[in-house]
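Trainee: Mind looking over this structure? Questions follow.
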Amino acid sequence: MSGTINPPDGGGSGARNPPVVRQRVLAPPKAGLLKDIKSVVEETFFHDAPLRDFKGQTPAKKALLGIQAVFPIIGWAREYTLRKFRGDLIAGLTIASLCIPQDIGYAKLANVDPKYGLYSSFVPPLIYAGMGSSRDIAIGPVAVVSLLVGTLCQAVIDPKKNPEDYLRLVFTATFFAGIFQAGLGFLRLGFLIDFLSHAAVVGFMGGAAITIALQQLKGFLGIKTFTKKTDIVSVMHSVFKNAEHGWNWQTIVIGASFLTFLLVTKFIGKRNRKLFWVPAIAPLISVIISTFFVFIFRADKQGVQIVKHIDQGINPISVHKIFFSGKYFTEGIRIGGIAGMVALTEAVAIARTFAAMKDYQIDGNKEMIALGTMNVVGSMTSCYIATGSFSRSAVNFMAGVETAVSNIVMAIVVALTLEFITPLFKYTPNAILAAIIISAVLGLIDIDAAILIWRIDKLDFLACMGAFLGVIFISVEIGLLIAVVISFAKILLQVTRPRTTVLGKLPNSNVYRNTLQYPDAAQIPGILIIRVDSAIYFSNSNYVRERASRWVREEQENAKEYGMPAIRFVIIEMSPVTDIDTSGIHSIEELLKSLEKQEIQLILANPGPVVIEKLYASKFVEEIGEKNIFLTVGDAVAVCSTEVAEQQT
């Protein structure tokens, strides 16, 4: 398939372009079955080449690198300096002041005592500091996961009627969430979390934020009896049903005053990044001031609900409380899988965001192992599911964090709080915790992101709104299910209905582009050029064949109507076709036979190495003929247009 071709000139002046040497489309050297399998496995599970640092090292060095891979702290601790510690100390103290009041509030979302929220900001951050690869992420309970755990566990066991078994179910869910997370990382299946699209996450988080805020109306208004459901209709019905006698005006004044204070401090922090510490310490200041006034004026005697007693002391061992059998065992696995997935998605997204801002890399699979390990250990030390908190991580970042030591500092402060300070929270009003949670979750509602999604991709926006509406009108778990289903539906739609376009030639060039994108791109008389923007698999092969056949029919009808030359060649531009399977080849064979019956020749242009190798292996190249496979669309058009011109004369 060599020689020269003389493409016709594009200007009609009679001048001829210089001869162009036609290049043959080559198949790559055969690699062999084992090599192919090895290549696929490496690209799927080891695309980041995790073993590259082990090459050429002594056994002792390999052992050290292996330990360092599991515990990254060993690597960066050798280069740790006093300057870095100063930054980590300031950041750790700052996020500790934020996490303590948040943890007490988030524990209520999970329907557990406040101490368990504090426990979950002690052990998990210590584990993560040794095993995690993110320098900026701050670990602890978060609002969405706390609500998810509380909602799912409450549907199985009533926390008021059977608090002991409820707590055991929470620990069981935490254990299996950790197993699920660590298992994904160990098996290098981290890519699975990418199936939950960004749009679906935006919608789910926004819906969860509104649901959480509505749940806080119980403490914010001083309502004693409140619905266990999370949908907006049930919550608002419960709120207004108690409006006449169930609301407490002192509680409302406390909540509204401090919510205003918290929102003002957040506004100040956004306007001036140097004042990042103002919104960070505002929750703790709010707790201190409100607790002081409730104690002085004994507002609890006037109906203001308070936290009451919080046990002193650090985390007790809880491994004996995990259900490893019985009727709640499978429920623990189910809840742990769901909550673990959400926690993992949030943490990895946060870690990637701040890593990109500081221009360093994180290992997603190591992150999953670290997060999973800390939750497994946490379940054995009276913690519930912890993950990366966006609000704390943002404060951590702005405070000048250098390494994960900030998590250690935060954990130490929380431990000291558990040992010595928890009795002081006895008179903390529930309204202030509600105000803190409301101010925190408002940041999860990303209206700008939703507007951007609408502008870019309407199908993505459907996923976003489906998850959002599912959460606020039905339940958190249904909203998550909708998010996953729509994300998968979009993937299936893109796979089964790939984009296919007609190409035309741009004026005064040898460049061929989409005629819809470039209206001045002219189609060549007698030639139809089609580009398939996807791999051709069993799932879309029939669609590709039928779409190409439909275009041929439409072009034939147009040619007949306008007196243009009939289609004699169909060129398929295959450079975007990264792969093809047996069904794909079979569909092209059927298209070839169908076109031959209409006296139309099928031409392939620029098939990639994987595709051309399979075309040779299937004997399709012999069927279509090597002379009908070209390196470029330009080469194919040059030959085909000459033949069309000859047929016309």
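Using N, Cα and C of the backbone, Cβ positions are placed for all residues, glycine too.
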Trainee: Regarding membrane topology, does Swiss-Prot annotate Leu167 and Ile453 with the same topological domain?
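Mentor: Judging by the topology that Swiss-Prot records, the two residues are on the same membrane side.
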Trainee: Please identify the range among 60-80, 249-269 that Swiss-Prot labels transmembrane segment.
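Mentor: Of the candidate stretches, Swiss-Prot labels 249-269 as transmembrane segment.
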Trainee: Under 8 Å, at least 3 Cβ pairs, sequence separation 6 or more: does that hold for the transmembrane segment (249-269) versus the transmembrane segment (276-296)?
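Mentor: Between the transmembrane segment (276-296) and the transmembrane segment (249-269), which are separate recorded stretches, there is contact, as judged by 3 or more close Cβ pairs.
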Trainee: I need to check the long-range neighbours of the topological domain 'Extracellular' (108-111): which residues 6 or more away from its ends have a CB within less than 8 Å of a CB in the stretch?
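Mentor: Tertiary neighbours of the topological domain 'Extracellular' (108-111) are 117, 141, 143, 146-147, 149-150, 153-154, 159, 166, 170, 212, 215, 219, 384, 430, 433, 437.
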Trainee: Quick one: do the transmembrane segment (137-157) and the transmembrane segment (276-296) have at least 3 Cβ pairs under 8 Å, skipping pairs fewer than 6 apart in sequence?
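Mentor: Taking Cβ pairs at least 6 residues apart, the transmembrane segment (276-296) and the transmembrane segment (137-157) are not in contact, as fewer than 3 fall under 8 Å.
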Trainee: Where, among 368-388, 432-452, 466-486, do we find the most CB pairs under 8 A to the transmembrane segment (276-296)?
Mentor: 432-452
Trainee: Which listed stretch (169-189, 335-355, 466-486) has the most C-beta pairs under 8 A with the transmembrane segment (368-388)?
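Mentor: The stretch with the most close Cβ contacts to the transmembrane segment (368-388) is 169-189.
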Trainee: Any contact between the transmembrane segment (335-355) and the transmembrane segment (169-189)? By contact I mean 3+ C-beta pairs closer than 8 Å, pairs at least 6 apart along the chain.
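Mentor: Output yes: the transmembrane segment (335-355) sits against the transmembrane segment (169-189).
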Trainee: Looking only at the domain 'STAS' (517-640), what are its DSSP counts of helix, strand and coil residues?
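Mentor: Its residues divide into 63 helix, 21 strand, 40 coil.
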